[in-house]
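S.K.: Take a look at what Swiss-Prot says about it:
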BINDING   Asp62, Arg70, Arg133, Lys163, His164  substrate binding site
SITE      Asp174  site 'Important for catalytic activity'
ACT_SITE  His176  active site, proton donor/acceptor
ACT_SITE  Asp248  active site, nucleophile
Amino acid sequence: MGPVMLDVVGHELDAEEREILDHPLVGGVILFSRNFDDPAQLRELVRQIRQAARHPLLVTVDQEGGRVQRFHQGFTRLPAAQSYAALNTPQEAQRLALEGGWLMACEMIAMDIDLSFAPVLDLGHGSAAIGERAFHREAESAIPLAQAFIDGMHQAGMKATGKHFPGHGKVSADSHKETPIDARPLVQIVEHDMVIFRTLNACGKLDAVMPAHVIYSQADSRPASGSPYWLQQVLRQTLGFEGVVFSDDLSMNGAAVMGSYAQRAQASLDAGCDMVLVCNNRQGAISVLDHLSAAGSPRIARLRHRGQVDREGLMGSARWKQAHQDLQRLHQRWEEAKQA
């Protein structure tokens, strides 16, 4: 599979998109809310994407739950990660997290979507970019919830992507708008933020990792997403991670310090990413395809979904009905708690 993941504009493909998707460097597509009208339309769009590519690619989405859920009508309203621990006993929180990962993955696989970029492994709720997307502020409480969520995804046949390595939760700035700088001592990041990544990787739960567009100034002057130190020395060598490394979206302002779109993509791949995301800027994506010097990684193909999910059969199953009811209720309780 090629090393570039990009987006499409609407509910169906246009002629230029069909041509772009057939480019040998394109290995994936990420979908957004603007691509969704209803489940039938979404399933047809995914079919068009796979047909246009004429080579294997990943179809992906951010369907985390809470404020980051791209598809709503016809899908379960998933609770925010923070709500699992905030409103339940530890045992019930883990049960619900497992069902949340399973149900989310099943609903996406029924659309022939390979991957939802989840779960968020950042610690703490103070970051503008993270907030309720994090399970907990402490690793010892977040780890069992993240592990349960991943176990649910794996039961459904979907691989898990931990984000945003080595941890985005302690910077208040939003990397969508600027490049955050985390000036904490390196030992603090290693012994706090990275614990969840290290633990989940050691027990074989992480299939992919997405680094942060954050500069950890005590370690490197480059964002982690373009840093050989973080991706090769720490992630690959020290942690022994063998899965796929995705860049976060290179159109985010947090990546702008790496140069033009083509320079950002090349820097990320040279640093150790297997695949780069270039979203919401057609000319930027074309520039990357025109100038990139890179081959696809064989690791990427491992992330294709392995599930066989019929949507009607899924929604008729006892497990889906119970999980749907429990998760919708948790979502509603969380929204009410935030208003209190």
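Our numbering is plain: 1 for the first residue shown, then up by one each step along the chain.
Backbone N, Cα and C atoms are what each Cβ position is placed from, and that goes for glycine too.
Model, not experiment: these values are computed from the prediction.
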S.K.: Among Asp62, Arg70, Arg133, Lys163, His164, which the record lists as binding substrate, how far apart in Å are the two most distant Cα atoms?
M.R.: 19
S.K.: Does DSSP put Lys163 (substrate binding site) in a helix, in a strand, or in coil?
M.R.: strand
S.K.: Can you tell which of Asp62, Asp248 has the most other C-beta atoms within 10 Å, given these are the recorded positions?
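M.R.: Of the recorded positions Asp62, Asp248, the highest Cβ count within 10 Å belongs to Asp248.
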S.K.: Using Cβ atoms only, which residues of the same chain lie under 8 Å from Arg70 (substrate binding site) while being at least 6 residues apart in sequence?
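M.R.: Listed in sequence order, they are Leu31, Phe32, Ser33, Asn35, Phe36, Val61, Asp62, Gln63.
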S.K.: Between His164 (substrate binding site) and the residue listed as 'active site, nucleophile', what C-alpha distance do you get in Å?
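M.R.: Computed Cα spacing between His164 (substrate binding site) and the residue listed as 'active site, nucleophile' is 8 Å.
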S.K.: Where does Asp248 (active site, nucleophile) sit by DSSP, helix, strand or coil?
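M.R.: SS state of Asp248 (active site, nucleophile) = strand.
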